[in-house]
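I have placed the structure first, in the form of structure tokens, so that the comments after it can refer back to it.
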């Protein structure tokens with residue numbers, strides 16, 4: 001072998017060595033390379049540290065596929081490659097190399113874990129004049145054989161011709177074809193080491209002839225085998241393959257599957273008529289076989305469902321009221337009214353079961369109970385208290401989320417004729433837990449929808465009706481299934497969006513939300529210990545004082561429940577855990593508002609607070625939403641004008657009508673209120689409810705609007721320490737409204753301790769927690785003049801009785 005040296009390269013510094021497994025690179029090739037081994041990564045990093053664009057590396061193949069390359073395990077001839085692109089992924093690198101020249105490494109040295117080598121460029125031997133003709137003939141032969149080889153491999157012929165035609169010189173042609181040819185590493189390395197272009201092309205042509213012969217032989221063998229296999233032999237062969245595949249996948253043949261299904265049906269203790277129907281379909285399955293009909297798989301899936309449903313499996317009820325009370329208290333703080341209602345419900349079931357003399361009477365005693373509806377804001381414990389009921393009864397628990405359900409098939413399932421048909425969610429849950437008498441929570445029934453696919457709310461009517469659900473027929477099953485022993489509990493946030501026929505089947509239990517004191521205790525006893533555990537903290541590593549918990553409740557949450565409170569405590573625990581894990585602190589004690597602010601940032605919530613002083617035209621009202629109750633300041637302003645009346649604040653129609661009723665009342669009784677009669681004619685009146693981006697509606701702002709309006713007209717300031725609510729009529733009568741508990745709790749949270757309510761709402765005060773009720777003073781009014789006297793600090797406002805309306809007389 002002859003070597004030709006150029007003088008330029010020996011002057012180059014030694015290059016880092018990139019060892020390649022099962023890859024030989026040739027000059028003129030640009031190719032991506034994935035680097036992941038430690039030594040190769042070090043070599044690439046050493047090459048990349050070179051200043052400027054001279055980021056070159058010596059790429060050489062390994063003699064074997066060893067994981068840790070050594071100097072003795074590398075060939076001596078490789079290529080000098082320039083690194084053109086680098087992309088990191090995970091712990092490795094993706095490179096694009098352009099191979100510039102062939103080179104030899106007389107020796108390898110390893111310094112600081114990087115293999116380096118002084119490289120000497122190896123140029124191709126110069127061509128002799130007599131070699132030109134032979135080289136041209138060889139080039140044509142290599143091009144033709146390369147196209148033929150690629151065609152056998154499945155590549156398009158036009159693409160192959162374009163590829164080989166783009167090679168300008170013999171050296172470029174032989175290097176590219178040798179790189180892409182499927183040859184063992186030693187044979188490719190031998191091609192790289194040949195410096196004579198003619199010799200290298202002759203060797204490549206021999207390799208191409210040999211590879212083409214191998215491929216043609218493989219094709220002949222395949223054709224001969226396919227011809228020798230007749231139709232019968234082919235069928236036998238395929239069936240044997242199918243059995244082998246089924247065995248590997250753990251599947252059964254038809255007869256074994258049918259026998260297994262028959263055994264399951266016998267053990268399922270099915271009712272007689274259902275067992276008869278199942279056996280009839282099982283006989284059909286045996287006759288058709290799985291391969292002969294697409295219906296066979298549908299039948300098999302249906303029979304699996306019939307056999308797996310718990311037709312007679314149930315759990316025994318253990319109604320122990322003391323244990324039930326202990327479980328409810330253990331899982332939930334507060335909610336006294338709800339717990340009492342649940343215990344009453346369980347007590348009735350206990351007495352009914354004790355009086356039942358037969359299995360039929362026992363079943364009727366279980367099925368005749370009411371359907372409880374837990375109604376209240378998010379995060380107040382509706383779903384979790386249903387789970388506690390299941391624990392108290394010793395029953396299994398299933399939750400079915402119906403939020404956004406718009407298809408009747410969610411309840412009744414799809415008919416078997418549809419592709420991918422499945423039973424409804426009710427039967428899916430019952431099959432999953434394996435009991436016919438679980439506690440099933442139908443979550444978010446107020447968010448059911450309806451579409452062209454049916455109304456799931458209408459489908460629930462049968463499910464929740466004790467007179468019908470003992471024979472509930474799912475569309476997929478097509479057989480009656482007894483749901484009468486299931487204890488259904490529904491949850492919802494809004495009463496108004498539940499379909500009236502569905503609501504009529506339920507008995508609501510109201511979850512009004514928690515007071516700040518209740519939230520404080522829930523955070524201390526339940527939420528904080530849970531978040532400590534989830535973050536891997538011991539009790540002494542994270543302590544949160546009562547003051548800090550109160551600050552979190554008021555400054556970082558605004559809700560009737562405790563869901564956001566738990567998330568905020570979780571964020572607090574995670575930030576403390578990070579500091580402890582980093583070694584910055586040994587334990588965290590959150591004791592003041594500054595500590596909370598340091599960990600959680602500034603407070604995100606701004607609760608409405610009572611006004612600091614009395615002022616005309618501003619009255620404090622109360623409202624409630626699904627997030628709980630709060631206060632609002634209704635503003636009234638009187639200005640020179642033409643008697644126009646303006647209402648702003650994105651008010652609904654009902655609130656606008658309340659404002660107009662208040663204005664009409666003020667005009668009718670201007671003299672008694674001390675308002676000059678001409679003032680209303682020469683003044684414009686503007687009533688505004690702040691937070692204009694939030695839509696508002698409802699009748700309960702009538703009293704507040706009237707007080708603010710009369711205050712603005714008369715110039716008398718409204719007491720800032722009193723909050724009010726109630727609907728008004730044109731005669732000045734104050735009518736009762738709803739949401740008293742939530743509104744009063746919101747006012748109490750805002751620091752207001754005097755509440756004005758309609759007298760007809762007096763009974764609603766019994767729903768208030770004792771600690772809240774004892775700290776407030778209530779004023780119950782029947783008429784608007786009583787409200788004005790109380791809110792404007794007047795002794796009384798005496799209004800004349802309205803004139804009696806004339807009676808209609810029959811002619």
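Cβ coordinates are placed from backbone N, Cα and C, and glycine is handled just like the others.
What Swiss-Prot annotates here:
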DOMAIN    15-212  domain 'Lon N-terminal'
BINDING   376, 377, 378, 379, 380, 381, 382, 383  ATP binding site
DOMAIN    613-794  domain 'Lon proteolytic'
ACT_SITE  700  active site
ACT_SITE  743  active site
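Sequence features, as recorded in Swiss-Prot, placed on the structure.
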{"residue": "376", "record": "ATP binding site", "DSSP (3 states)": "coil"}
{"residue": "381", "record": "ATP binding site", "DSSP (3 states)": "coil"}
{"residue": "700", "record": "active site", "DSSP (3 states)": "helix"}
{"residue": "743", "record": "active site", "DSSP (3 states)": "helix"}
Inter-residue C-alpha distance, residue 378 (ATP binding site) and residue 743 (active site) (nearest angstrom): 17
Cα-Cα distance linking residue 700 (active site) and residue 376 (ATP binding site), given in Å to the nearest integer: 20
For residue 380 (ATP binding site), nearby residues of its own chain (Cβ under 8 Å, 6 or more apart in sequence): 335, 511, 512, 513, 514, 560, 561, 562
For residue 383 (ATP binding site), nearby residues of its own chain (Cβ under 8 Å, 6 or more apart in sequence): 374, 399, 441, 443, 491
Residue 743 (active site) and residue 382 (ATP binding site), distance between Cα atoms, whole Å: 20
When distances run from the Cα of residue 700 (active site) to each of the recorded positions 377, 379, 381, 743, the nearest one: 743
Cβ-Cβ neighbours of residue 377 (ATP binding site) (radius 10 Å): 23
Which of 376, 378, 379, 381, all binding-site residues, has a Cβ with the fewest other Cβ atoms inside 10 Å: 378
Under 8 Å by Cβ from residue 743 (active site), same chain, sequence gap 6 or more: 622, 623, 624, 629, 700, 725
Shell list (ATP; ref centroid = CB of 376, 377, 378, 379, 380, 381, 382, 383; cutoff 8 A): 374, 491, 493, 511, 560, 561, 563
